[in-house]
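One structure is given here, and the rest of the page talks about it.
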Amino acid sequence: MTQSVCILGATGSIGQSTLKILQQHPQEYSVFAVTAHSRIVELVEICKQYKPKIAVVPPHKVDELHQLFVQHQLADIEILSGEAGLIAVAEHAETDVVMAAIVGAAGLLPTLAAVKAGKRVLLANKEALVMSGDIMMQAALENNAALLPVDSEHNAIFQCLPQNYFSAERNGQPKLGVSQILLTASGGPFLHHTIERLQTVTPAQACKHPNWSMGQKISVDSATLMNKGLELIEACHLFSVKEHFVTVVVHPQSIIHSMVQYVDGSTLAQMGNPDMCTPIAHALAWPERIQTHVPALDLFQHSQLNFEEPDTVRFPALQLARQAMKTGGITPAVLNAANEIAVDAFLHGKIGFMQIPEIVERTLNRMENKAAASLEVIVQADQTARSIAQQLVMDKGS
Ligand code: NAD
Ligand code: MG
């Protein structure tokens, strides 16, 4: 039977890679709904090709999209808008699979709606899980939703874990002979820059990742190593382990996508060319496998694989995230919110690169931790952290 797919964030880097795979498998998958935030012309192109039943855009883009749909004979596609529209398609009765590929906290409520509706959720939007960790994992369990990691590292770990790992108890300890998770990091474009050089790097340099082509926000996160910090938190939730069971290993070639160590001395790695189509296809078809256009790994082309320890002095974001996970409660949501504001400010030339972790740290210091008892508490913490971080950005600029 054809699986009906809803792509939250269809115009983004992950959204586009997802569409590329669906195009290769028209018998197995159809596109039910697509969403976009700003690139409306691209959204229309997607709609022309994939003929979804519903498209979702922000309220102020509805008229523009409607006119374009009329122009292109696409007027039978229903248009929904805003957060309510995103939630409606995520939990829609006709949706089987949700690709959660909105960037940042904006993806939290739609992703959670998909989980609560018991969908197969392909999780790219790591910020949603970082913010709401326990609530999202509990909702997946209660509603029998398959929450499948698309982030390449977590997808690799998922592939290296024992098959019945997820049916075992969740108590913060690795189980079934697993002893440690090795989360690999490329180190980003500034891996060996001195602190002095890091102070003057530009947004364009930060967005030019050596191995992966990605959206702007995650590219900057990769350069500060905050991406690895968010991924560390993501791993703790997905695989139910405390933070000290996750070791970050810098591996500049991005050929090994992460590893799992076992008590008997085994280390299992998942390898492949760095292309997000592989983890997306894996999550889409799991437990089966489907074809992608990604070429098989040619090991003779990669005769050297290197590993090093991350430098948390030049890249303090990693340590801030590890500490936030240890602290728990609303702290990871605060870390994420402050980071989103700081990254945006850096991209707009308002602050320097090294001020990103500084603003995150100062925001964390200004907020009292409390239990992430409900979604409302988390959303409130996100809002408060954003205004504090915004104020810190303004103070820098003046
Ligand atoms: P992107 O910037 O290329 O795309 C983001 C998508 O989200 C776009 O479709 C955009 O329209 C939509 N969007 C942005 N702001 C929105 C808002 N306020 N409301 C609704 N929709 C909004 O980003 P990306 O690189 O595709 O990353 C998407 C997510 O996947 C991120 O959470 C990222 O961390 C994660 N991820 C990406 C990669 C990658 O290789 N690109 C790898 C692993 C994980
Ligand atoms: Mg990743």
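Residue positions begin at 1 at the first shown residue.
Cβ coordinates are placed from backbone N, Cα and C, and glycine is handled just like the others.
Just so it is clear, the model here is predicted, and its values are computed rather than measured.
For the Mn(2+) site, TrEMBL lists D151, E153; matching the candidates E64, E78, E231, E243 against that entry yields E231. Annotated NADPH-binding residues in TrEMBL are T11, G12, S13, I14, N125, E127, and among G188, G215, G229 the one listed with them is G215.
With K126, S152, E153, S186, S222, N227, K228, E231 listed by TrEMBL as binding 1-deoxy-D-xylulose 5-phosphate, the candidate from H92, H193, H209, H244 annotated for that site turns out to be H209. For the pair G215 (NADPH binding site) and H209 (1-deoxy-D-xylulose 5-phosphate binding site), the C-alpha distance works out to 10 angstrom. The distance from the Cα of E231 (1-deoxy-D-xylulose 5-phosphate binding site) to the Cα of D151 (Mn(2+) binding site) comes to 8 Å. In this structure, K126 (1-deoxy-D-xylulose 5-phosphate binding site) is part of a helix by DSSP. Helix, strand and coil content of the domain '1-deoxy-D-xylulose 5-phosphate reductoisomerase N-terminal' (5-133), in residues and according to DSSP, is 65 helix, 27 strand, 37 coil. Taken in sequence order, the binding-site residues I14, E153, E231 that lie near ligand 1, meaning a CB under 6 Å from one of its atoms, are I14. For ligand 2, the nearby binding-site residues are D151, E153; that is, of N125, E127, D151, E153, G215, these have a C-beta under 6 Å from one of its atoms. Non-local contacts of K126 (1-deoxy-D-xylulose 5-phosphate binding site) by the CB criterion (under 8 A, 6+ apart in sequence, same chain) comprise D151, L230, E231, E234.
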